[in-house]
Amino acid sequence: MVEESSGKAGSGEKEREGSEKRSRPWVRFVARFIDYNLFAIVVALVLLVVAPRLLIIPEFFLGMLIIFIWVFVEAGLLSTWGTTPGKWLLKTTVRDGAGNKPAFSKAFTRGASVWLRGMGMGLPIISLITLAVAHKKLLRDGITVWDREGGFVVSHDKIGVVRTAVALLFMVAIILALIYNRLAG
C-alpha cells in the first residue's frame, strides 16, 4: 500500500512501505526504455510477417512512429493493469489521485504529454533537451509536469537484485544489438 509522499509534500511520487523516500527518475527512464524497445521488437516482428516492405522505412521515422503509437498502447496498459512491462519489472505503478488505475482517457493524456514534453516526440536533439528538463524538474519538484497536471501518483517498491539484473541485461542487449546493426549494416 502507498504509505507516504517522497520528495516534497503532495509531490505525487510515492513509495510503498519498505522502499526509499525519493523520486526515481532513472528507474522511470529505464522502465520507459524497456517499454519502447519491447514494443519496437513486437512491431518489427509483426511487420516482418505482415508487411516486410515497411521495414525499409528509415529507422529515424520508424522510431518516432513507434514512440507515438506507444502512447495508445501505454494508455491501454495503464488503464487495465496500472503498469507497463518495464514499470512492472521495476515495480512501478501509476494510479489516479484516488489510488485507482487511471481511465484510458486520462492515461492517454498523460502518455501524450510524456511523448511531447518528456520525449520531444522522439526528435533527435529535442528529445535530449526535453528529457534533461523533465529529469531536472522531477528531481527538484518530486513530480513530473504530466503527473502533477493529471493528478497521478507514481509508486515504487524496492526492485531487488534479480529485477535490476534483468533490466540491465535487457538494456545491454538492446545497446549491443544496435551497435551490431550499425556495424553490420
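For all residues, glycine too, the Cβ spot is worked out from N, Cα and C.
Caution: TrEMBL annotation is automatic and unverified by curators.
Annotation source TrEMBL lists domain 'RDD' at 24-135. Annotation comment: TrEMBL describes 33-54, 60-81, 114-134, 161-180 as transmembrane segment.
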Selection from 33-54, 60-81, 161-180, the stretch that has most Cβ pairs under 8 A to the transmembrane segment (114-134): 60-81
Taken over the domain 'RDD' (24-135), the model's mean pLDDT: 96
